[in-house]
Amino acid sequence: MPSPSAINEKVNILAEALPYIRRFHDKTIVIKYGGNAMIEEALKQGFARDVVLLKLVGMNPVIIHGGGPQIDHMLKRVGKEGVFIQGMRVTDAETMDIVEMVLGGLINKEIVNLINRHGGQAVGLTGKDGMFIRAKRMLIQDKEKAGEWINIGQVGEIEYIDPSLIALLDTRDFIPVIAPIGVGEDGESYNINADLVAGRLAETLKAEKLILMTNTPGVLDKNGNLLTGLTAGRVDELFADGTISGGMLPKIKSALDAVKNGVKSCHIIDGRVQHALLLEILTDEGVGTLIKGNG
């Protein structure tokens, strides 16, 4: 039989969670799922259970997943190396085929299966389903040559997200699991950064929270210390001095755009921590870095 102290600890945990369950009841929580949380078996199982729990207590989780390591692995199997410019994957036609196969097939269906096995009702989608994520080819400004732009292939810039398909799934209590693949007017597939899809989708759905799962404790300063809170102004300073770079760039851009366009809060959390999702949503202290506007 559990000791009185162990019982009290469990009661305190539930009591701490209760106000957050009330506050976020029937609210949309957009979660970008990526990093080690998608690779390590214990973390995968824990994530699926946590998502199902959020749904069971009345929240509406929407999952957007990445898959960079898995894509890199598949590219190496066919003799290709991944190339990145300003945090974006250069995507030629052959790479796009592999991206679509890995994201829309292998990874998406694995996540759906995990959630369903733990008692949820998940449905896997890409942005091509119902053409709900419209995109065009993205060009990146060349930092070394003023006024010039870099074509990085079939990398998409989001033009429009139609929320009606997600809303329909929500009315039937399904959990959407979305691979970040968009479609152009001509039917061409586009690889879109999952962080950017998550942010734009959070805006479109008027989400209460946007949560970005990473392989770091959050945003770190140059000494490796966690920055628990950031405003838009402070982020600009960190961009300027090079503290924020590489793969963190699209995450921060996504977070800033989201909070500027109506999302209540954005959190960058460590997906390597078991139950990080619940710790962020259902506890007083939360985890990771909170991004908010200047107001």
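The count begins at 1 with the first shown residue.
Using the three backbone atoms N, Cα and C, a Cβ is placed for every residue, glycine included.
Some features that Swiss-Prot has for this protein:
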- K32: site 'Transition state stabilizer' (SITE)
- G67, G68, R89, N191: substrate binding site (BINDING)
- K251: site 'Transition state stabilizer' (SITE)
Nonlocal neighbours by CB distance (under 8 Å) for G68 (substrate binding site), same chain, sequence gap 6 or more
G34, G82, R89
Could you round the CA separation between G67 (substrate binding site) and K32 (site 'Transition state stabilizer') to a whole angstrom and send it over?
11
If one measures from the C-alpha of K32 (site 'Transition state stabilizer') to the C-alpha of N191 (substrate binding site), what distance in angstrom results, rounded to a whole number?
16
Cα-Cα distance linking K251 (site 'Transition state stabilizer') and N191 (substrate binding site), given in Å to the nearest integer:
16
Fewest C-beta neighbours within 10 angstroms among the recorded positions K32, R89, K251 belongs to R89
Pairwise C-alpha maximum, in angstrom, for the residues (G67, G68, R89, N191) that bind substrate according to the record
12
Starting from the Cβ centroid of G67, G68, R89, N191, the recorded substrate site, name every other residue in that chain with its Cβ within 8 Å, sequence order please.
G66, I71, G82, T91, V99, V102, L103, P180, N193, A194
The correct three-state DSSP answer for G68 (substrate binding site) is helix
